[in-house]
Amino acid sequence: MAAILCENCSGQYHYTQVNQPLEISCMLFLIMLGKVFLDFFMLQVKQKNVKVSFMGYFCVSLALLDFTLLMSISFIFYFEDFALWGVRFTKYHICLFTQIISRTYGILHYPVFFVAGLDYYMTIAQTSQFPRRGQRLFYVFAVVVIWISGFFRVLKVPTIYEELEIQNRFSPYQCPLYASAQSYSISCTMVLLIGTALLACRKEVLTMLLSVKVVSFAGQPVLMFSYVSNNNGTCFKRQLLTRLLVSFLGTWAPFVLLQIIILFLGARIPAYMEMNVPWLYFINSFLIAVAYWCRCHDVELTEEMWSTDPFVSWKFCFLPFNNENTEPADKPGNTVIVIC
């Protein structure tokens, strides 16, 4: 695409390059620098001993692609005007590459959400922390196919190509970027489901929060909740939903609040910013919670079972933890759940 644009509009291309404000290229560079730092920071602080999953591989690939875009922007920003393999690159390409990335990111939310959800639904009951080699290869293959399909759609579909060409021809002083409708709809769906679950379990959630106590276990502070044990199937799923909500919101409540504010304000965030590692790990925890709730009767209570989420500990959503060194619950018949 870049080579065709250079050949067909060399005079106009130079005009765009000269008149495009420096602030646009500098702004894109600074935004990508901050995003890459955030991506690798999240990959660094997450728990390391977690089960291999499709979402884990995709997060790594996204961080690497963001880093590649940052290096490309930095190279072009520094040299300003150069030729490589017969193609002339100027600061115009900073905007063009960012537009292509935005378009690609914007159409991948649904495929990633679907594949990750299906992966967790099929593998959530697996007790082994180390999947078979074939499963790892399948994850790599799925990630590569999704990225190739996304770039192929953006670069080969005539309507998208024509739209990018028109934008860059008639907006020489701007860099119009694509905002994804897929991420907006996913965010709406997640907030709606979380709100519905909170409304359905509001009494149980309130009871758990009012009973919270901070105790010391194994030299570390933990939160202790009391709840009434019930083996009835319907009541068990309701109690499980309550504990899943408390565990999920205990980690991601600020992110949920941020999504609500963005939806309320109707803010449209460019797709190259919106597809990021924190957002994917937020979706990851949500999908794990849904998979746990749907397949709760298939979950085996083993230590390897709980190393699924890099940020949320789901262990005590299933396994009440009784410890003789902690203070017992106030009412007879109650048990104790401890969340680290």
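Yeah, the Cβs are placed from backbone N, Cα and C, and that goes for glycine too.
Lifted from TrEMBL, the feature list:
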type: TRANSMEM; residues: 22-42; note: transmembrane segment
type: DOMAIN; residues: 34-292; note: domain 'G-protein coupled receptors family 1 profile'
type: TRANSMEM; residues: 54-79; note: transmembrane segment
type: TRANSMEM; residues: 107-125; note: transmembrane segment
type: TRANSMEM; residues: 137-161; note: transmembrane segment
type: TRANSMEM; residues: 181-201; note: transmembrane segment
type: TRANSMEM; residues: 240-265; note: transmembrane segment
type: TRANSMEM; residues: 277-293; note: transmembrane segment
Using a threshold of three or more Cβ pairs below 8 Å, and leaving out pairs closer than 6 in sequence, do the transmembrane segment (137-161) and the transmembrane segment (277-293) count as in contact?
no
Beyond a gap of at least 6 residues from its ends, the CB atoms lying under 8 Å from the transmembrane segment (54-79) belong to 25-26, 28-29, 32-33, 35-36, 39-40, 42-43, 89-91, 93-94, 97-98, 101, 112, 115-116, 119, 139-140, 142-143, 146-147, 272, 275-277, 280-281, 283-284, 287, 310
Flag the pair the transmembrane segment (107-125) / the transmembrane segment (137-161) as in contact if three or more Cβ pairs fall under 8 Å (sequence separation 6 or more). yes
Averaged over the domain 'G-protein coupled receptors family 1 profile' (34-292), the pLDDT of the predicted model comes to 81
